[in-house]
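One structure is given here, and the rest of the page talks about it.
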Amino acid sequence: MSQDSDLKVTKFDFLKSQNSVQHHTDAYNTSNLVVRRGQPFLLQLTLSRELRAADKLSLHFSVGERPMEPTGTLMSLNPRSRNVSGWQISIVKSSGTECTLSVTSAPNAAVGIYGLIVKTGPNIYKPENNAVYLLFNPWCEGDIVFLSNEAERKEYVLNDTGYIYVGNAFNIHSKPWNFGQFEESILDACMYLLDKSKLKMSSRRDPVVVSRAMSALVNANDDSGVVLGNWSGKYENGTSPMAWIGSVAILQQYYKTKKPVSYGQCWVFSGVLTTVMRCLGIPARSVSNFNSAHDTDENLRVDVYLNEKGEKLKWLSSDSVWNFHVWNDVWMKRKDLPSGFDGWQAIDATPQEQSQGIFQCGPCPLKAVKDGDVYLPYDSKFVYAEVNADKVYWRVEDENGKKKYTKLGVESQSIGANISTKAVGQNRREDITWEYKFPEGSSEERASMKRAVSYLQPSGITPRSRFAAVPMSNVEDKDTVQNKVVPKSGVQLEITNEKPLCPGNPIEVAITVKSTVAGSWTVNLTSSCQLQSYTGKVHANLGHIKQTVKVEGQSEVRVPLKIMPDAYMKALATVDDEEHVQVTAIAEIQGTPEKLTKEVSLSFEYPPIQVQMPETAKVNKDFTCAFIFKNKLNVPLDNCKLMVEGLGIFKMATFDEGDIQPGRIIKSEVICTPTRVGEKKIVARLTSNQVKDISVEKAIVVTH
């Protein structure tokens, strides 16, 4: 054989275990190499002979359908000459026939699946599993998703479990949610979504464009994306939005069938979007906004119409206030905007309003929302209204065949309360309202509001009540000047529930009319009780009271409102949603123009699920986990299903428990085989016709 016999590659090693630890990608369940952009990784070649100075050796990375060098979708990397693509390659070690190369992709390279071939002169070698997954890199300073804090990277990129906060502003619940971005086929599902987005390869470099595209693809509205939304209360042909434990089953089913998965509501859209973002390497969190305004006409006002009984009339308003709404924040620099808008950006996959003709929302800088810079892309007006709108109450009466509207009052501080996300490194709720807005009533907040109003519909927008003292050009309107918070009479309203709300027991509420100053007042009190879903949709009117009460000096009168189980249990079983009880009270003070309104939303309380399992376990050693539930309610729970999942421990399982009579105990067991070390969580959720969501989670430490 001649000295200059052809140089060939005889063996190729992606050094997967070493590279993936360096790149924080070792948890991905795939046989391929997964690396992050802008950071070196090593490849080991075994050659047919020793490498010489004259040898031609190059690596070719290609991405997309038509890879070409000018578009940056084909990189020919030669360790001996300069590379123009922003990628770098060097020989780290060459001894005998072994050669180790270090490759660093550009920190702004397109994210996706790259094919790799090795050329040695005329010979081409294609390694097995030659697809290399390239992700965004929050660990790399040159990447615009760079996040400097290690604890935050652990939480917002690597944590595969968490909570989504639901309930209402008075009673916030944490819903355990498995994001599961490292589970089988989730990465492939996300890469499939990138392809489906039809984004140009050059756009796949930019997390701003990618996150906006994903906010559209996680809902099924325009592009047969991942989750089909349904707020009807009827979910026979799919899974009820209440029943999901996390994103894994949803994304796996979607990737397998390529058809939208039924059904989702806002927390499902947000949970899936967090999974997709973290999986691609963009730091993300699910964010819950309580008393979230859905302002369809950008006038920063949500009108609530009540009838004579104080019951909400749904048919009158396209605007609505949701008890809570869940969206996402993603972390990135905004090179496309003036400076100062880097950091958290709001994106939202729940299909509410179209943006540029598609159901997508964001990214919108939190800083723009806080400062009132609502002209900035994307969708900052909509996000601004969700956390800042005024709530205006109207009474609608029929008078001689015409509708008469009486303004009852304005609440300027209830919208956008307790904005919540999971705390970094802790299993608790963190309040991030301050990241979205200045303290209510502060001078910064008034300045921000004024700015925002100047950018919103200029055509005679009515000023918000708290500017009433600020002269505004020709839009001042007597109607919008709000009474002081405590009226002259000093009358106040309070609504309390005497006992916890348990399905099957009477609902007992008290409306208290208080007077805080001297004088005697006669108050006409109207109060109603309605069963409604978290989006404010009324399912049943449960009862109302009309009463005239007298308060003198500093005194109070309690008016009880009691609703028997027969009045609401049937309604509770007819809709498949988590319902709550909305109590609205209106007080009109005789002899004065004063009117007061007060609303409270009350949640039902349920018996818990108990989990029995060891505190610790060993990798690949089986253990048993038991779920125990006792029906402590005095009503049977029909058609019960128990869904359980433990990431890295066992696949999701569903148990049909049938009907559980009062006092009955059920017990279900799962054999668990842990596959990964670390603290792992097991989550269980029970749904039934009467009670939609009882969930529990328990942690276990898995060791070698």
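Including glycine, each Cβ sits where the backbone N, Cα and C put it.
Taken from TrEMBL as is:
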ACT_SITE  Cys266  active site
ACT_SITE  His325  active site
ACT_SITE  Asp348  active site
BINDING   Asn388, Asp390, Glu440, Glu445  Ca(2+) binding site
DOMAIN    258-351  domain 'Transglutaminase-like'
What subset of the recorded positions Cys266, Asn388, Asp390, Glu445 lies within 10 angstroms of His325 (active site) at the C-alpha level?
Cys266
Going by C-alpha positions, which of the recorded positions (Cys266, Asp390, Glu440) is nearest Asp348 (active site)?
Cys266
Mean of pLDDT values spanning the domain 'Transglutaminase-like' (258-351):
92
C-beta crowding around Asp390 (Ca(2+) binding site), within 10 angstroms:
25
Do me a favour and check the Cα-Cα span between Glu445 (Ca(2+) binding site) and Cys266 (active site); whole Å is fine.
28
Integer Å distance between the CA atoms belonging to Cys266 (active site) and Asp390 (Ca(2+) binding site):
22
Taking each of the recorded positions Asp348, Glu445 in turn and counting other Cβ atoms within 10 Å of its Cβ, which one has the fewest?
Glu445
Recorded positions compared (Cys266, His325, Asn388, Glu440) - the one with the fewest other Cβ atoms within 10 Å:
Glu440
Take the C-alpha atoms of Cys266 (active site) and Asn388 (Ca(2+) binding site) and report the distance between them in angstrom, rounded.
19
